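Okay, structure first, notes after.
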Amino acid sequence: MPIDRRAGSVKRRRIKFRDEAFSIHMTASITSTETQEGPVTSGFWALTLGSIGVVFGDIGTSPLYAFHEAVRGAAHGEPVTRVMVLGVLSLILWALLIVVTAKYVLLLLRADNNGEGGTLSLMALGQRALGRRSWFLLALGVVGASMFIGDSMITPAISVLSAVEGLKLATPALEHYVVPLTVLILVLLFAVQSKGTALVASAFGPVMVVWFTCIAVMGAVHIADDPSVLAAINPYYALQFLLSHGTIGLVTLGAVFLAVTGGEALYADLGHFGRKPIQAAWMFFVLPSLLINYFGQGALVLSDPSAIEHSFYRMVPEHLVLPLVGLATAATVIASQAVITGAYSLVYQAVQLGLLPRFEVRYTSESHAGQIYLPRVNRLLLIGVMLLVLLFHTPSNLASAYGIAVSTTMVADGIMGFVVIWKLWNWRAATAAAVILPFVVVDMSFFSANLLKLLEGAWVPLLFGAAMAGTIWTWRRGSGILIQKTRRIEVPLDDLIRSLEKRPPHIVKGTAVFLTSDPSFVPTALLHNLKHNKVLHEHNVVLTIETAHTPRVDLSERFRMEKISDKFSKVRLRFGFMEQPNVPKALAIARKQGWQFDIMSTSFFVSRRSLKASAQSGMPLWQDHLFIALSRSANDATDYFQIPTGRVVEVGTQVTI
């Protein structure tokens, strides 16, 4: 990424981990965004088909429950009326057009971070735009990301439950098997995550094309029976319903939001498919299919108000219910898979940005580096999903918990989007506010409507999100305290080199690489090696690993070396926050710059800290213990940076935190 010379120098954001071995610098260049259109090696239509299978799974399965829940909320126990149906349809239509189409598809998809999207990418883009540390943007990014994790638990539960619930309509005797079958499907889904999804991912696009085609045909048949339902296109019905129904209108608005959940995924998956394929898939296929189905459900309920109980499945003849249940189950599994994969990617980005400790990462594909599996995250999601299914039992109960997490993320995206439009795109503040403020107002309206369901279940994603945000806060705060304590005993590297030149220790052959967070000071492992072994290698490398504010960095920017004496060199390796750090592979690039790197004659020295809790650390004891637990759960630096274990020497120290 080019550096703006007018800025004078690159400004660094340092986020330190529990030991020097996995300290990471966040480096940002103050420069304008270079818009990328995502992968260009595959054909446009192949990418469009792929986006239909991955990006739109969540929002594409919303017709299973969104219209049903919204009309039930509007009726509030009373008979369903034409005014209610048209009001709900109009609200759904304009919510999809304003929140998803205008805000995400037409606006935020242009706010890419070197081709990548998502809440944390937007946060990093905003930080870069401001050119300084912004705790406000960091807080927004953390809240948005935390709520996405909560959403990642609810989406599989409500989607699969809604699909399997169709069995009750086909065969009432199967009603008692809905929850057990849902649990079985979800357990199998999470169990196969470690094997990767490469074998079945190619079928996601075609299956979802069949799904969207089917729901569009189902809707078109019923619209043909009662074309008057198309009157709901007029926004008058939406406004009239809200103004005339008071609190019930606000409650209904919370249920209508179910129709746009998953809209944020369009932005999160930007890097996988590119802007134009996602826009084409949404505008010309997915959006029309969804609207036709929603209006078809409306036409059905207008002709038979009792159909609202199972409005989606009642759209087909009885003998087609079971095949539709099968197709719906496949679609919801695909939607769940996309959300689970998104959670892995989000946590991985958080780790790279220093917001979480290094969790174990397994790569499930030799050809696609982005296909990863995080065992701890998988277990956490499985436990959360199982608890939701067993506690709430039905999609209607879960609907109360759904929405609050997504609406929170959307509000955060809107505010961070304003910063990017204002500072990075160089729009006038008033113009940027005029563009983004209406979207934030709409998002806040949905957020307020979902808050009304706090006691009915909305507390669940808020609890998950608060726990996640608390974990990130603890990790950041504990890391900061650890840095302060380390600073007090650190020795400047230049002072040590001068001292060693005057009184050189015994020199041994080979190269020693010392991982550190700050190359200006002596790595702890180097100090202990001199203190206990009383030797110095022929070549000593002080290695710093940085994470950029961009998803990827060019190979030309990966490696930088500075020779500071005959025996000492400083090396900086730089990775994007979506790249897997591979230290030996990156160091091999150094050969092109004249450094003869040989892995077999190189030893990597890693310092590992043993932490103890202290009431005087600045954090409450419970936070001390949480930070220590997070530190212990972190993956080894050798594994994370893919360093051969046979070439690693670990040096331990004890620190009171």
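Backbone N, Cα and C atoms are what each Cβ position is placed from, and that goes for glycine too.
Noted in Swiss-Prot for the protein shown:
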- 40-60: transmembrane segment (TRANSMEM)
- 88-108: transmembrane segment (TRANSMEM)
- 135-155: transmembrane segment (TRANSMEM)
- 172-192: transmembrane segment (TRANSMEM)
- 198-218: transmembrane segment (TRANSMEM)
- 241-261: transmembrane segment (TRANSMEM)
- 282-302: transmembrane segment (TRANSMEM)
- 320-340: transmembrane segment (TRANSMEM)
- 380-400: transmembrane segment (TRANSMEM)
- 402-422: transmembrane segment (TRANSMEM)
- 432-452: transmembrane segment (TRANSMEM)
- 454-474: transmembrane segment (TRANSMEM)
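Only sequence-distant pairs (6 or more apart) were considered; of these, at least three Cβ pairs between the transmembrane segment (198-218) and the transmembrane segment (40-60) are under 8 A, so the stretches are in contact. Here the transmembrane segment (135-155) lies next to the transmembrane segment (402-422) in space: the count of CB pairs under 8 Å, restricted to residues six or more apart, reaches at least 3. Between the transmembrane segment (454-474) and the transmembrane segment (380-400) there are at least 3 Cβ pairs closer than 8 Å, counting only pairs 6 or more residues apart in sequence, which means the two stretches are in contact. Contact between the transmembrane segment (241-261) and the transmembrane segment (432-452) holds: at least three of their C-beta pairs are under 8 Å, each pair 6 or more apart in sequence. A Cβ distance under 8 Å defines the sequence-distant neighbours of the transmembrane segment (380-400), meaning residues of its chain 6+ beyond its ends; these are 64-65, 69, 72, 152-154, 156-158, 161-162, 165, 179, 182-183, 186-187, 190, 255, 258, 340, 343, 453, 456-458, 460, 464. Contact between the transmembrane segment (282-302) and the transmembrane segment (402-422) is not supported: fewer than 3 Cβ pairs lie under 8 Å, counting only residues 6 or more apart in sequence.
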